[in-house]
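Single-structure report; data block below.
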Amino acid sequence: MFCGDAFLRIPNTEFSKPVEKKWNPPDHVAIMVSHKEFAGAGKKPGLQVWRIENLDLKPVPQALHGSFFTGDAYLLLFTTSAPSYNVHMWLGDSCSQDESGAAAIFSTQLDDFLGGGPVQYRELQNSESNTFLGYFKSGIKYQRGGVASGFQHVVTNDMSVKRLLHLKGRRAIRATEVDMSWNSFNKGDCFIVDLGQHIYQWCGSECNRFERLKASELGIDIRDNERNGRAKLHMVEEGEEPAEIIEVMPAEQTRPNSESRISDASGSMKVSAVAPSSPFKQAMLSPEECYILDNGVDKNIFVWKGPKANKAERRAAMSAGQQFIKDKGYSNKTQIQVLPAGAETTLFKQFFFNWMDKDETTGPTKAYTIGRIAKVDQVPFDASSLHSNKAMAAQHGMVDDGKGKVQIWRVEGEKVPVDPSAYGHFYGGDCYLILYSYRLGGREQHIIYTWQGLKCTQDELAASAFLTVKLDDSMGGSPVQVRVTQGQEPPHLMSLFQGKPMIIHSGGTSRKGGQSHSGSTRLFNIRQSSSSATRAVEVSASSLNTNDVFVLKSPNALYVWRGVGASDEEMEAAKYVVDFLGGSAKHVSEGSEPGDFWAALGGKKDYQTSKSLQNMVNAPRLFGCSNKTGRLTVEEVPGDFTQSDLATDDVMLLDTWDQIFLWVGNEANAEEKTGAPKIAKDYVESDPSGRRGLPITTIKQGAEPPTFTGWFQAWESKMWEMDPLDRIRARFQR
């Protein structure tokens, strides 16, 4: 699912020597000016939109944001509270070359006005980025015409409007103005018949429930924003059209009754190649250069601006991207993102193996509150408030404090109970089922953790999956299922052993009489999670980290090594590892290690010494898995998703970076239910950023734990007790 084709460097010489004929920056790059409209640009969080009118910038009223004339070009600025900025240049299918050129000039000027810090996007009609679509949750509208043909963004409350909008898309709704004619309709889609004072949502006989919901949201948006709530909104079924609709259609035409149509949601310069395919290495990015990451097969490319690249080169980044698309023969719908160093998007980072932000170390991510990507506050863990603070529960991966009932079985063809005295020890040659039961809101809840060792057999992997389903079926299908790969244990699983660390052995088995002989030298890494649970993982000798505690067992000695950034809780957990290994431990502080310590590790080597704990913030992403178009496809939900984006007739995939959730809607069909888990597995394993083996949690509609619901603002536990269509129809009445 990640398929970056190539990674190329843009040579300095092409930009720093404009006298050469290879490539010359346009005149506007050499002499930058500031437009009067920029005086208020970026002064407060939110979206600002301008249209190119007679090669000048004219602001678009806020009530009409999301409505675009197809013959025009637009400039958009989105400002966060940090602040950080996104600059978008939107080009309609019919806009002129002069208008698109002016948009490019103003985009570059705005970027320069804001200090070169914005991320720049080139947006094309019907091929907009998810970032762009996310600004318009109820959908975007394409209107015919433009400045050249005399069409203006009119004031609100225009009751003389007569237009027909064709709606397409399940996650991102696009409404395109079409001929006011029965020939424009089809049975598989929804349409908006906008007659000014009355707005009719027309539903084809073969459109599905979720499309109806999204069409209703757009209709409500038109009524509330374009008409200031003064129009009346109606829902109309195919074949039940009122006289008002029939009267505006050409008299000689009849209503649609033909074969149904299925709606598918669906200056030259030289560059030198750096790497032919992803995953790329971050070290390839020199701060003195600009680069193009070529993902043209997916119709997008990225231009990365090094902080020390020369000024002309940085200013001309968008132009360089456009020329690259032309030279490669890519579709003119190919998106361009221009990224200054330090403002890399999540999608860009995922083409790199183990992308590291400034002052970042490796290891599990820490927890942050939901908010704008540019400013995210860390939430301290408080177990007593887990049930009331769902955002914290989601970010820390905790449904409760781990004090419920625990049962563990080892997979040996069948479930074999593990002796409770051995709870907390997991061996890489085994698979385990852990059933956790707890009470929430007066109801008993269950989680099945399926832990799979890295050295277990394929038969054991298959058996663990089969036994998980069997256990789930025996409990009426109510448990939440979490697949855990060794080394990727979520905080809640780590908390089940009541103050003791979860101890993970790199190999071997806990089967009676089947234990393999341990190595003469063993090293355990002890780290505390953001929820205060600890884990001791057997690691290789090169895994020292200044933020952690390590226990080293050699034939001649036993050491407890404390890094500068380690916690007292991690030192306390080390006692359990020492007790298990046996012997009297010598305590060693970082920087005062004896020679025997390094000798046991095979000699002193470089290790992670950054004292800053990992601070990477990765925005959660929501995808829908649907076969409504005849084949199983995956589409991302744009923008800040909400509970209403969970389509009850689909399977949804929620990526919170260190965990994957599969949410199964009650109306999802069999193909979606069986195909989505494979998609989730492929999604993780093909990620160039190196997230193979992440836990994948399967959740059923109506049985969502707070670790899932906390990622959604204002989750309503009773939302689906009422038909969503009835709920939104109630909003039709004012």
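Cβ atoms are placed via backbone N, Cα and C, with glycine included.
The residues of the domain 'Gelsolin-like' (57-133), classed with DSSP into helix (H, G, I), strand (E, B) and coil, number 24 helix, 26 strand, 27 coil. Per TrEMBL, domain 'Gelsolin-like' is recorded for 57-133 (among others).
Helix, strand and coil residue tallies for the domain 'Gelsolin-like' (173-246), in that order: 25 helix, 22 strand, 27 coil [DSSP]. Per TrEMBL, domain 'Gelsolin-like' is recorded for 173-246 (among others).
The domain 'Gelsolin-like' annotation in TrEMBL covers 274-348 (among others). Per-residue pLDDT, averaged along the domain 'Gelsolin-like' (274-348), amounts to 80 for this model.
When the domain 'Gelsolin-like' (414-494) is classified with DSSP, helix, strand and coil residues number 24 helix, 33 strand, 24 coil. For 414-494 (among others), the entry in TrEMBL reads domain 'Gelsolin-like'.
The feature domain 'Gelsolin-like' is assigned by TrEMBL to 536-574 (among others). Outside the domain 'Gelsolin-like' (536-574) by six or more residues, the chain places 361-363, 487, 500-506, 520-528, 581, 583-591, 593, 596-597, 600-602, 605, 607-611, 613 with a CB less than 8 A from a CB of the stretch.
Per TrEMBL, domain 'Gelsolin-like' is recorded for 634-708 (among others).
Between the domain 'Gelsolin-like' (274-348) and the stretches 57-133, 173-246, 414-494, 634-708, the greatest number of Cβ pairs separated by less than 8 Å involves 57-133. With helix defined as DSSP H, G or I and strand as E or B, the domain 'Gelsolin-like' (274-348) counts 26 helix, 21 strand, 28 coil.
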